[in-house]
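Annotated features, as they stand in TrEMBL:
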type     : residues : note
DOMAIN   : 203-408  : domain 'Major facilitator superfamily (MFS) profile'
TRANSMEM : 46-69    : transmembrane segment
TRANSMEM : 76-94    : transmembrane segment
TRANSMEM : 100-122  : transmembrane segment
TRANSMEM : 134-156  : transmembrane segment
TRANSMEM : 162-184  : transmembrane segment
TRANSMEM : 205-227  : transmembrane segment
TRANSMEM : 239-263  : transmembrane segment
TRANSMEM : 270-290  : transmembrane segment
TRANSMEM : 296-317  : transmembrane segment
TRANSMEM : 329-351  : transmembrane segment
TRANSMEM : 363-381  : transmembrane segment
Amino acid sequence: MLQRLPSRWLILAGIILAAFNLRPALTSLGASLHQVQEDLGLRDFLLGTLNSTSIICFGLFGLLATTIVRRAGASLTIGLGLVAVAVGLLLRMWPIADALLASTILAGAGIGIVGVLSPAIIRRYFHERLGSVTGLYTMFLCLGGAAGAGLTPPMLKLFGTWTGALAIWALPAAIGFVLWLEVARREEPVSLRKGTIDTMWRSPLAWSITGFMGLQAALAFIVLGWLPILLLDRNADMAAAGALTSSAILSQAVSALITPILADRTGRPGLFVAGVLVLSCVGFLGVLCAPMAESVFWSLVLGLGLGGAFAMALYLIALRSPSAETAAALSIMAQSLGYLGAAAAPLIVGLLREYFVGMGPQIFLFLFISACALPCGLLAADRRREVQEARATQRRMEQSGISRLDSE
């Protein structure tokens, strides 16, 4: 009896729900960080360590996704990742440091697994609409982050404690699990041969994409983890800090949707890589240095840059992958290694706050990371370099039975 494949509408709904659940675990904690710090007595360095721990989990468990996919298939693995997110968020109901650490590890593991597999699902079912669906996925990822940052402060007042305001975000993750369980029931699993992963390690193009993914992620995690605290340093109240962070993430949704679509239609991804990095730097400078009366404007500019950068990183993964299998392998490499590198950024910010006064060191760090991201992004977006690499490695990849990385 033939298996009935899941409808593309069901897949699209699953992609949207998966994306929405990838950031509230981070942004809801960032929005309530002041209360968490006071209740648990955590120093700035320990807060930076907590942020970095979640990002390290993104990378480590993203690498482990290959083993799970071979046994369970991509869709069921995404569902299991959402279960981990939901259980991790529920652990935040207990106001103790150990529970918060366990929550961070478990939610980070689930986010890492879901994040690395989503581009492969997009490549498999929506290969003719890569720009549009990648943009939609990234937009809802940003909306989830904005919801976590913007809705957590009012929920703090509603629940009267940070534990309930953080644990409530387990609900959308649980709903996402139910949907992906239905997808998995009808799915023909995506294969993932070991040779595909091995080919990525020898590909300069794959390393360029990995570098861009990790460096833009470092910028985003600095903002997600520390922007509310940095705004409090500028004498903004907690509600204003949460609202500004939320507005930055909301504007990410706009550029996340539009940027890959425009890059796809114009055929000039390098131009958009440079543009979003410039917007990110200008916006970060404005938020921390311009008069507070202009903070809303600059937070929107910052969000436009960060949202576009992440969307371009995902778009380049899908664009440079001729098959769902290659997309899964490239995504696992780029996001896992990228996030492992990006984990240092929040930790460094915590150290800078421990030993230096003022915004200067944080600003320098942000600009330095952006400058490093630019050549990686431009190399990943350069089709001429891609074709040269494909010719140089074609024989080796054919011997492994793997398709070339170049798109015809």
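In case you wondered, yes, glycine gets a Cβ from its N, Cα and C as well.
Automatic prediction, not curation, is the source of TrEMBL annotations.
Between the transmembrane segment (270-290) and the stretches 46-69, 76-94, 134-156, 205-227, it is 205-227 that has the most C-beta pairs under 8 angstroms.
The stretch from 46-69, 162-184, 239-263, 363-381 with the most CB pairs below 8 A to the transmembrane segment (205-227) is 363-381. With a cut-off of 8 Å between Cβ atoms, the residues of this chain six or more beyond the transmembrane segment (329-351) that come close are 44-49, 51-53, 55-56, 58-60, 62-63, 65-66, 112, 115-120, 192, 196-197, 199-201, 206, 209-211, 213-215, 217-222, 225-226, 313, 317, 320-321, 362, 365, 369, 405.
Among the stretches 162-184, 239-263, 363-381, the one making the largest number of Cβ pairs under 8 Å with the transmembrane segment (134-156) is 239-263. Proximity of distant same-chain residues to the transmembrane segment (239-263), defined by a Cβ-Cβ separation under 8 Å and at least 6 residues beyond the stretch ends, is recorded for 23, 27, 30-31, 130-132, 134-136, 138-143, 145-147, 149-150, 152-153, 223-224, 227-229, 231-232, 269, 271-272, 276, 279, 283, 287, 295-296, 299-308, 310-312, 314-315.
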